[in-house]
């Protein structure tokens, strides 16, 4: 298992909230919780930035963190990420903040400690481009957006 450095930004993590953790032994994502003083209401169509109370430093250039929505929040309540996906670069050292967007028809209340998103770590391959005049032809070619249906 890879070790990632985490810094506690908000001391309530020790007393009232938890560090991100896997819900099950087969979980791909670590649950991120809302580090709030009091419940926060997100009205339909609105977004809010929510603190997690922690910062991470991945440091390994071959790994990135990805913040993803929790499927149940999106399906049941219309709560998704305001930026759809949050990408955490290996050299970022700031606090993890989650942008929640209520795309549902009803207000949604985020309670302190509520699991609001998940953090997944992924391998990264950095590339460099080689400029060419043409590509070797393939069966698909340049056809996109629904061409392979």
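Residue 1 is the first one shown; counting continues down the chain.
Note: Cβ is positioned from N, Cα and C throughout, glycine not excepted.
Database features (Swiss-Prot):
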BINDING   70, 71, 72, 83, 87, 88, 89  substrate binding site
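Annotated features, which come from Swiss-Prot, shown on the structure.
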{"residue": "70", "record": "substrate binding site", "Cβ neighbours (10 Å)": "20"}
{"residue": "71", "record": "substrate binding site", "Cβ neighbours (10 Å)": "11"}
{"residue": "72", "record": "substrate binding site", "Cβ neighbours (10 Å)": "10"}
{"residue": "83", "record": "substrate binding site", "Cβ neighbours (10 Å)": "12"}
{"residue": "87", "record": "substrate binding site", "Cβ neighbours (10 Å)": "12"}
{"residue": "88", "record": "substrate binding site", "Cβ neighbours (10 Å)": "20"}
{"residue": "89", "record": "substrate binding site", "Cβ neighbours (10 Å)": "12"}
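Taken residue by residue with DSSP, residue 88 (substrate binding site) is part of a strand. According to DSSP, residue 70 (substrate binding site) is assigned to coil rather than to any helix or strand.
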